[in-house]
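Working notes for the structure below.
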């Protein structure tokens, strides 16, 4: 019986499952009515670590009997073949499976298929309700075998301790509130958790408080057993940097982007040496609209490009100290970024949508290129996301589900 199998595999499941698979299981079990909304919320909110969530989830389902347990097992076999291999599970058709799905003649589609169809029917925004596509084990192995020296290695899910930091400022003493930013915060946190990161969230900080949080994050011992990290900053911004909550024309409460790089570089954060460090910034970088009226001829002076800044004496040294970074900003320098009061930021929405859709098959820089392409012919306001200070030396595949 499936419930007995699940109990027998309990310890292995707790030690091996990723947070992405846990979240997928919760969605599947809610959809199949194995769990109700209250049970799902309790598992998510009452447990801090992924292992605690896994333990609570496994115990909940096994107590509900063989039918519920079979749905649990079938999902793992279909959506996380790597975990299924570790647990030695098989999703062979059985009477138990069909009892749970008899109200659908064609059988239930996967949770991702169901959600995609639901999005088309109810008009919800893609990217907010989409599902992260997992990378099949065969695809991950193929990518790795083809170019092992050109891809950043990932650590085993059972031992790695990935961390991510989100700083989101929504309320300010002298600036307007960032209406809709809570959507960005919620969706970005869920995405990073699905990708296997434990997410630290900090809200409404001054520049000094942001510096303190980044320094503490850089010093976290978990980075030693992690293969990468994400830092996400969402706030008002100006050309000089990211606004703290007390910023005004009289109070220069600004976190410079350069300061973030300095706090996370090899000298200050040696635990992340040779590991990808991704910085996402949703903030204006000026007050310009990011659009010009085109004319048939434009004079470009060669001198405009041959500035001293390109030929810094210590460039080689910086490349070694500041390595394996990529920053993705919501707009080009000097220009504004746009935010919808219901949907959230256009940049964050597009980024999450493309990460969910393509992370299983594309490296991060390719995903960022797809995000930029989505802004090439804008439907609403004009802005163009840009990658800054890219020192990645290899391709960074996220391999969702692994």
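Here the Cβ of each residue, glycine as well, is placed from N, Cα and C on the backbone.
The structure displayed is predicted, hence computed values, not measured ones.
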Among 70-97, 98-125, 126-153, 154-181, where does Swiss-Prot put the label region 'Disordered'?
98-125
Out of 62, 248, 301, 337, Swiss-Prot gives the annotation phosphoserine to 301
Candidate annotated in Swiss-Prot as omega-N-methylarginine, out of 10, 55, 343:
343
How many other Cβ atoms sit within 10 Å of the Cβ of residue 343 (omega-N-methylarginine)?
16
Taking the Cβ of residue 236 (active site) as the centre, count every other Cβ atom within 10 Å, in any protein chain shown.
20
